[in-house]
Each structure stands twice: as structure tokens, then as C-alpha cells.
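Okay, structure first, notes after.
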Amino acid sequence: MAKVRVHELARELGVDSKTVLAKLNELGEFVKSASSTIEAPVVRRLRESFPADSGGAANGAPAAPKPARAPKPAPKAAPAPPVEEAPAEPAPPAAPEVVAAPEAPVAAPEPPAPSREAEVPEAPAAERPAAQARPATPGPRPAPRAAEKPADTRTPRPGNNPFASSQGMPRPGGQGGPRPGGPRPSGGGGPRPGNNPFAPSQGMPRPGGSGAAGPRPGGTGAAGPRPGGSGQGGSRPSPGMMPGRSAVGRPGAPARGGSGGPGGGRGGPGGGRGGGGGFGGAPGRGGPGGAPGGGGGFSGGGRSGRGGRGGTQGAFGRAGGKPVRARKSRRAKRQEFEQMSAPSIGGVQVPRGDGTTVVRIRRGASLSDFADRIDANPASLVTVLFHLGEMATVTQALDAGTFEALGAELGYVIEIVSPEDEERELLGSFDIDLDAEAAAESDEDLEARPPVVTVMGHVDHGKTRLLDAIRSTDVVAGEAGGITQHIGAYQVHVTHEDADRAVTFLDTPGHEAFTAMRARGADVTDIAILVVAADDGVMPQTIEALNHAQAANVPIVVAVNKVDKEGANPDKVMQQLTEYNLVAEAYGGDTMFVNVSAKNGTGIDELLEAVLLTADAALDLRANPNKDARGVAIEANLDKGRGAVATVLVQSGTLTVGDSIVAGTAYGRVRAMFDENGDNLSEATPSRPVQVLGLTSVPRAGDSFLVAPDDRTARQIADKRDAAERAATLAKRRKRISLEDFTQALEQGKVSTLNLVLKGDVSGAVEALEDALLQLDVGAEVDLRIIHRGVGGITQNDVNLATVDNAIIIGFNVRPDVRVAELADREGVDIRYYSVIYAAIEDVENSLKGMLKPEFEEVQLGTAEVLQVFRSSKFGNIAGSRVRSGLIRRGASARVLRDSVVIGDNLSIGSLRREKDDVTEVRDGFECGIGLGSFNDLREGDVIETFEVREKERAS
């Protein structure tokens, strides 16, 4: 049975809520407010205690007789058959029945008061002897008066009683008529009219007759056993036995007879008899015309027309029947189950794939983007990801591994869009298709373009002087000597086979821009000139430049410089380069070697001719100038007077002043163009390097540029590129490979080659380390590749090369400077430092075999540069230093570097002073005196590096 609120019960009892709350407190039930709910036993106790305390004053008004609303007299009922033949239709025990003549259903309103006073003391002893077996209640139940029958015929206010079987409507089956057999003594077993919450209807007679607590016809009274059942009216049912809505028939319909269980009877002819009532309730009588009989008592009968045990639906005089909420059939439950979606992890419902559904997402996408692809709720994906061990927000950028795990759980195949495809889709959204443009071009549209040449080599081998010598041959420029305005790229004209040919040169000192462009996929170089000094031969940076060019698959022309210098040996250079797969034509190879002297200007024409011959023989250099310009940014800088200045190389089309361009994340309109001499240009054809003014920001080296239809389109493309790069950066999470990552990837079959970059302090150590690593027996499944080795400190070029080829840098007694270390940390390149060759070999071998153990991590504290060395007979040499980065802490481990080579290791800061005061640490920018104990090999310019060694758990 449902709970009832205090204010509803107060309105039903005719008192205010405060009175009910006070009564509840007296009964030991502490309720907070009038809106609180109370249980059914408490309601019953409250109803029993209220009439006893108030003497019916509170309920006198509702019980007042209303002759105007009196029901019609019920027709005479047939003589009552023996009790043993009671029908299965249960008869509810209603209000006390009037025992007057049948023709007087409405009695005078005067008798209720005196008869009530006379009947109250007789109820427990005379009519309810079986009530002694019931547990004691707070107060005796008041006996209903016989003269109040007319008052019971009023209709209750709709919706007031939550326990009534029919809210606000009279029960069908007609009103109870006068009972034959004369008056019967009143009993206390019947509830007070309008106060019983368990009656089928409040304040009105029960349909089909009423059962009272008096003796039943043909029986021995309420105290005796009921026919057909063994229950007696002594034990009160529990609140869980409260019934639902009565299952009586509609008025005028014949009641179906049937054999009931305990307390039930069988139906009579024409109109079924009600079931025998518990608690002394007399069986109801069916009215003529098939009106159903009243419901049964405590042991109420089963539903009419159905045999079997009597249910608990007839508790407290309520007719037995089907509950209000019918139980669903198996078919209905099955249909609901089939219509439901199968819940995913955590009880959330998300669309699931069939294991082959491909979902393409961009780099750095968020859960919201993935939810849009599969039409799911992003919050549900957060829950699924949480159960997979990953915590992420809806808008957080995720890496590819997280999306793959999520897709595998939901039945989707995740495909991460490559940067090239992402760029293609981005431009396609603006109706720009570069591939379609290239495919639509015919041979008639293509014209020859100048080759783009990059000059590389050792910085001391005359590369800059060679560029100046080539620059001086530019007769069109009309100047001889140095470069007026060096922009990193320029174009010269030479005469080749009686034709004027142009050659574009890119100046990449340190070949940093070349590596950056190759890392971003901007391979704009057609030919590389490798400059080697004839006296020095092949140097470490020469090999480094050679590795860069070979990795980019660029034809190489070797320029042997300084041939006029004493001790020059060009043949030695050709022999040395043969070891690096550069075989000269004189030795039967295909690489052109040209002897030049940049100082004297000899061999320059032969070098340019060799470049043009290589371009004509090995390359097809053609482009379409009759379209919008496409190209790449070579370099850019921010000028105070002119703003962002970008040097761009046009690869196809023609760039004109006034075009709207977008270069990477920068965009703008071309306000002016200049050549390498500072002259204004109105247009730039393919392979022409120019300086462009008018961009909103500075593009990066290697960013591609194109001409957009208008400024608005250029701005939108730049904004979308910026958003995509920012999301990809957030999702990157240092995904560069390390030794631990390689071990895990090797177990999953994702990596079969380990790339290494070896750097050492001496060539012998590097060669020994390389030979030992290449001799490792790790099986045929794994390949160890050393892409570069050299002597000297770890440089920015080493980091760039490792970034491109996803390699690991191994430093043997060498360290990077602060700028290179920051670059490696930013790019996620793993750099390992060793001082014992066997430790390096063991780590690499264990990585290949998947047997890495926990390691110790070295954390750099700071560096200091030695400005002056003070010699002391007592303390040894003291390094007067200035802290360049971090801090210098007394007692910390230290090493001494000279020209990026470790000359002293396993040292410690023995003493630290500042202005003659002993201090524990000195921070960045301050000067101090540093003592390294017994180590005295200090010189001006040395770098003292301090660090801590911490134990680091390897990723499992």
C-alpha cells in the first residue's frame, strides 16, 4: 500500500495538520512536516486514536446525515441461503447495516447521538469476542451507529483517499438494501464511516449489501469459524496484505459464480453471492439483475470464475481482485527487451560497430569529434573511456593509441588521418584540389624551370666563399662582390650550350633549414652541392651533410674546394667519399666531382655546368606558370619597420603583388615583393625566390604557401591549420620512441628497426661502439641501423636527424648544450649518455631483447661558465664562474666540459662561495667561486655542469 502524507490524512480526518503532528509525537512517531509521509501501521494507529481522543467531534460534520443525497432504496434481496453455500465472489464488510424495515432506507437524523453512546461500550464484549486475540491498540475502535446509514450514502470528495480502490467514484453494484431478519446488535468490529482508509470507498454503503460485525444468518456469529475457511477475525493482517483495486463487475452484469478458496462461496442464480467475510463480516448479497456481491473479509476469496486458494486481496473487508499494477506477461517483457539497446561498459548506451566499420578522425581529435562521427553522446564515451583506464574530458585532445583502444572496445576501426590527407581535406573544403590541378595539366601547359640547388658542407671548407664566387658570376645582377641583402636564396644566370640558363641557390648554413624542410616534407631541393676541402678531406660535418642529402634522395655534385692550396689532395677526397657510396665518374661511378677554387674563382663555370648537366640528365624540371602560385617558405623573420618578412620559393604558378596568400598558419595580402638584391618585383615565376611583405605573422621554415581566392578564405584556412596543429601538439604526449617504447613496440610487432645516432669524444671510441653494436646477435626479426655517427658534442643537427628518422641518440663522453637539450626535450628525442662502452652495448642489447630493467635518471641542475681560474696552494684551483642556467648547489655531482667534450666526470662541488661567503647554492645570473676538490684541470671557457642521479621506474 502506498504511503500517505500528513496533510492529506489531516484533511481526511477534518483536523488541521498541527493536530495530527502533535498526535504523532504522542504516539512516538516523530515527523518533520505536514508534507512527510507515514507508514500504513502508523496511519491505522492514528485513525484508531483520533476518535477515542476527540470523541468524534472532529468527524461529526462529515458524518452528518444528508437526506438530499440519500441513495435509492435497494430492492429486496432473496432469502439468505445457508452459509456453507456462499459464492466465490467476496463480500466486503461495509458500514453497519440498518436493521429497520426494508421500506425505510433513510432514517431520521435525530437518533445517531443516543444510539452511539449506547453502542460504544458493547462493541468489544458482545460482538467481537475474538478481538481478544489481537494485539492491543492505542484505543478501542468506535462502533458505528445504525441510524447513521443515511449519512454513509454521501459521495466522498474525489482524490482525498489514496487507499481507496476507486478515487472519488461510488462502487458499482447498487447500494446496500435493508437486511432481513430484524435488528442486530451493533459491534465494534466495523470501522467508522469515512475513517477507514482500507475500505473500498469512503463514507458510503458497499455495493450489493453490507456485512457487519453482527451474527451472520444461518451462522453462529462473528466469533465462530467461517464456513469454508479456518481463519477467524482475531489476527490483524500486515500492511503488506493491502489489496489493489476491486475486481467487481459493472452494474447490471451477472456475476460469475465459482468455487473460491478459504472464505469464498459459490455464486447463486442470477446474482452471485459475495465471499464470506473475515473479522465477523457477514456475506454480502448480490442484487437482482446480476449485481456482484460484496468482497470477502481477511481471508478473501479468489477472483470470480476462478478456483484455487483465496488471495490476500480481500484484507480488511476489501474485495479481492487483480492489483492496480498488473504484472507484465512474458511476451510483453520480451518485446521490451528486444527494443532496448544493449548497454555498454558502465551501463551507458552507445552505438556499436560491427568490427569492420572504419571511422576516420584527424590528429589531436577530441571525444566530441569522435562522438559526432558515430552519432553518440560524448558523455557516454567519457564513461566508456574511464572504464578502460583512461581519464579524459569531452574537449580534450587524445592521441591515436587512445582512440584505437576506444574503437576496439566499441567495434570500430580507427583510421588517423595523415597530415597530408588532413591538408588535402582542409583545402578540399574550400574547393581547392592541388592533385586535380596537377592532373589536369597537359604537356603544353608545362614549361622548363630552373633547378633549385642547395650548397652544403663543412663550415671551414669554403662554402660561403664559394657562394660568393657563384654570386659574382651573375652578370644580370650587374654587381660583383658580396651579397647586398642576403635572404637565404638567390638566382643566377649562366650560359650553357649557347643558352641563358637560370639556377636558383639556397643558402642553408649549417644545413639546419634543409633538415627542417625535409622533416616537414618540403623537399624543394633538386640538387645538392657537397663542398669538401682538398686539404682537410672528409670531415664529420661533411658526412652529416651527406647523410641528409642521401636521406632526401637528392642527386649530389661534389665540389672539391681549395685545390690551389698547398697540400691539397683531390684524389684523397674521391677515395674517402667512395666509402659513403659516392663513386666518382673517374672510378666508374655516376657522381660528378669538380675541382674548384673559390678564392681564385677557378672551376666555377665547370661547377655550374655540372649542375645543369645533372639536372638535365636525372631530373625533369617543368612547371606550369599560368595558374595561381604554389610554393614553400624558405625562411622568415620579423622586421621592425616592415613587419613579417617571408622568403618564399615559387614551385608552380605565378605570384603577383596583390594576391591573397596563406603560408602555414600565416596569411595576408602581398603588399610588395623583392629579389635578393632588394629590387622590387611585380611577379615571380616557378623556381624564383622572393621576399614577401604583408603577412600577419611569421611562417615557419618549410611551410607551404598558396594563393587563396580572397582574404576571407585565406584567413579561414590559416585558422583551421592553427587549430589542427594546436590539437595535434596537445595530443602528441612525447610519442617519439625511446628504448622502453621500442621494447613494447617490438613485442607488439610494430617496429622491426632501431635507428641510432652515435656521437663520441674520439673517433676510436665511436668506431668501437659502432662495431660492437652491429655485431649484436638479436635475430633476423630485428634490424639495428646506425644512421649517423660522428665525433664531437651533440648538436642541433643530430637532434633534427633523430627527429626525422625516429632515432635514439647515444652520446659517449659528450653532452649537448642547453639549447640542443631543450630542442631534444621539445621534439621528444631520447638521448642516452654513457661513459663506459659496455653499458651502452648492454642497454641496446637488452632493449632489443626486451629485458630492460629499472634505470637511474640524471636530472640536470645547472651550468656555470668558467671566467677565470684562481690558483690557491691550500684549496687548489678555484673556478671563478658565472651561472648560465639553473643553479649550482654545493655537494651536487658535477662534470667539466671543454668544447662539448667531457674532460672531468664523477666530480662534486666541494666548495661554493659568493663574495667571500660560503653559500649552499647560487642561482642563474650570479657569479661565484667553485671548487672541485682535487680536480685542477680548469681553463677559461670550460663549462661546469651539475646534476643529480635519481632512480626511475621503467614503464611496464
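Heads up, the Cβ atoms here are built off N, Cα and C, so glycines get one too.
According to Swiss-Prot, the feature region 'Disordered' maps to 50-351.
Among the features that Swiss-Prot reports, compositional bias 'Pro residues' is placed at 64-95.
Taken from Swiss-Prot, the feature compositional bias 'Low complexity' applies to 96-107 (among others).
Residues or ranges marked as compositional bias 'Low complexity' by Swiss-Prot: 121-136 (among others).
Annotation comment: Swiss-Prot describes 146-155 as compositional bias 'Basic and acidic residues'.
If you look up Swiss-Prot, you'll see 171-192 (among others) marked as compositional bias 'Gly residues'.
What Swiss-Prot records for 206-234 (among others) is compositional bias 'Gly residues'.
Annotation comment: Swiss-Prot describes 235-254 (among others) as compositional bias 'Low complexity'.
Look at Swiss-Prot and you will find 255-320 (among others) tagged as compositional bias 'Gly residues'.
Here Swiss-Prot flags 324-333 as compositional bias 'Basic residues'.
Under the heading domain 'tr-type G', Swiss-Prot lists 448-619.
Look at Swiss-Prot and you will find 457-464 tagged as region 'G1'. Looking at the region 'G1' (457-464) alone, the prediction's average pLDDT is 76.
The Cβ neighbour count for K463 (GTP binding site), using a 10 Å radius and every protein chain shown, is 27. The GTP binding site feature in Swiss-Prot is assigned to 457-464, 507-511, 561-564; the stated evidence is sequence analysis.
According to Swiss-Prot, the region 'G2' annotation covers 482-486.
The region 'G3' annotation in Swiss-Prot covers 507-510, and the record cites similarity to another entry as its basis.
If you look up Swiss-Prot, you'll see 561-564 marked as region 'G4', on the strength of similarity to another entry.
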Per DSSP (three-state), G457 (GTP binding site) is strand
For V563 (GTP binding site): DSSP state (helix, strand, coil)
coil
Three-state secondary structure, K463 (GTP binding site) (per DSSP):
helix
Return the count of C-beta atoms lying within 10 angstroms of the C-beta of V563 (GTP binding site), excluding that atom itself.
19
Can you give me the same-chain residues 6 or more apart in sequence from D460 (GTP binding site) with a CB-CB distance under 8 Å?
A533, D536, M539
Cβ-Cβ distance under 8 Å to G457 (GTP binding site), same chain, at least six residues away:
K463, I529, L530, V531, V532, Q541, T542, A545, A559
